[in-house]
Structures are given as C-alpha cells and as structure tokens.
Amino acid sequence: MFKLLQIDSSPMGDASISRRLTQEYARNWLRAHPDGRVVERDLCRIAMPPIDAAWIAANFTPPDRRTAQQNEMLALSTTFTTELRDADEYVIGVPMHNWGPSAHFKLWLDHIVRQGETVETTPSGPRGLLGGRRATFVIAAGWRYGPDAERAQRNFLEPWLRTLFGFLGVEDMRFVMADGAADVFTGKADSAVFLAPHVDAVRALFA
C-alpha cells in the first residue's frame, strides 16, 4: 500500500496556514492514490522529550547494549523514524519562525536524525537511509520571501530543509511558499482569498 506521511508543526491549530495546505495536499494525494493511506503526525499535539545528555548517551549506545530505560527514552524517536521509513512520500508543513522552523519541528528533526535509523556511516562517509522518497514542504511565513521580495535573502528555511533532508537521502523535494501570511492574522487580508492561489499551487502538483 502506498503511504503518505503528513507532518504538521504549526502551533496555530485550525488557524494554521501550513496545516490547511498540507490537508489540501493529502486530499489531492488520496484522489490520485485511492488505495493509498495517509498517516498524520501533528507535532504540536505530543510531548516530545528534550534532547539532553541522557538521551544522547542512549542514542549512541549500541542497540544490543541499551538498558530498558534507554529504550524507553528513545521510544518516541524510534516511532518517528519508523514512520519516515514506512512512508513512500512526505508532505510537511513548516511555519517560518524567526527565519527558521518552528520549535516543534526543530525538536522533531533532532529526534529523527539518528545513526542506524535515518543515516548510516559508510567508508565513503554518511549515507542517508530515506532515499527514493519525495518530500513536499509547505512553508508559511508572515513576511514575503519570494524571489523579488525585499527579504528574499533571509529565506534561510528552504536551503536548510534541502540540506537536512538531502543528508537523510531525500533528493526529490518540492516547495510551496505561502508567504505574506501576516496580512491574514492582522486582518488586512481575508483568509480564503489569501489561501486561494496557494491551494491552486498545491493542486497543480497533481495536474
């Protein structure tokens, strides 16, 4: 069965721009893959433990030498990495906060970049284990970061995502940028009017 992993990381709940667009993507994906399955992971609805010294020690302990306590400490992280390996495709909603990802998304990434789970060491260097999968990123940003925008050079998020997921082996990446979203939250723009061209951009991916 073809499987899509939908990841949301905005703390804005139903008001989230990125979440509405990942949902639109999932609906269109199911139309294109009627026998497929969408697995939803909302990073803002779970309590992720911090990456502390004990977690790092557990992570770098060989699996056959970990204690029961260490395995329990890594259990949620292993659930995340299993979801990534089990999926054939990803759609990932990422709000831009202070020119980077949301805190929830960054913590999730720290949980999933793991030796033997999503990356392995080879004689020629690290090799990502998520190859052969497509990732579509939906970025929502308050300011405008398009090619001709004044702040275009401050879009650090897209190259960062390309670097990180490329390290994990993902080569097929697509981006939908819903920038200028501050106009919605300040009442300068109607939500439906703002979303319309971005919904069209998502649908165009399936044309």
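We number each residue from 1, going along the chain as drawn.
Note that Cβ sites are derived from N, Cα and C of the backbone, with glycine treated the same way.
Other Cβ atoms within 10 Å of the Cβ of SER10 (FMN binding site) number 24 in total over all chains. Residues annotated as FMN binding site in Swiss-Prot, with sequence analysis given as evidence: SER10, SER16, ILE17, SER18.
Highlighted in sequence order, ASP8, MET12, ALA15, ARG19, ARG20, LEU21, GLY93, PRO95, VAL138, ALA140, ALA181 have their Cβ within 8 Å of the centre of the Cβ atoms of SER10, SER16, ILE17, SER18, the residues recorded for FMN, and are not part of that set.
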